[in-house]
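Taking it in order: structure first as C-alpha cells, then the write-up.
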C-alpha cells in the first residue's frame with residue numbers, strides 16, 4: 001500500500017473532483033463553466049500530488065513545448081467558449097504530455113490493485129496493453145530524440 005502525505009491526499013481529491021466536473025461537463029453537452037473548473041482542478045491537483053517544481057518540469061520541458069502549447073491552448077479555447085474543439089486539443093495535448101508515463105502506470109496497476117492487476121495480466125489484454133505501451137514509449141522517445149538532435153545541430 002502506498003502512503004500519501006496530507007498534501008498528496010488533497011491533490012488526489014482535487015483531481016477526483018476534476019474528473020467529476022469533466023463528466024458533468026460532458027453530460028451537460030460540454031458546459032463551458034464546468035470544463036473550466038475541471039481544468040483548474042486538474043492542474044492544481046497535479047501540483048499538490050507531485051509538487052510544484054515537478055509540475056513545472058513536466059509542462060515546461062523543451063521537447064514537450066508542442067504538447068504544452070496544445071494543452072494550455074485548449075484550456076484557453078475552452079475559456080473563450082468553444083468547449084468541443086478545446087476538449088479535442090486538450091486530449092491530444094494530454095496524450096503528448098503524459099505519453100512517457102503510460103508504461104509506468106500500467107506496471108503499477110499490474111502490481112498493486114488485485115482486481116485491475118489480474119485483469120491486465122489476462123493473455124489478450126496483456127498483449128494489447130504491451131503494444132500500446134510500446135507505441136507510447138516510441139512517441140515519447142521520438143520527441144526526446146528530435147529535441148536532442150535540434151540541440152546538437
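Positions of Cβ are set from backbone N, Cα and C atoms, glycine also.
Heads up, TrEMBL stuff is auto-annotated, nobody curated it.
Positions annotated as transmembrane segment by TrEMBL: 12-30, 42-60, 67-86.
Remote same-chain partners of the transmembrane segment (67-86), defined as residues 6 or more beyond its termini with a Cβ less than 8 Å from a stretch Cβ, comprise 25, 30-32, 35-36, 39, 59-60, 92-94, 96-97. Note on the transmembrane segment (12-30): residues 4, 37-39, 41-42, 44-46, 48-49, 83-84, 87 of its chain, located 6 or more positions outside it, place their CB under 8 angstroms from a CB of the stretch.
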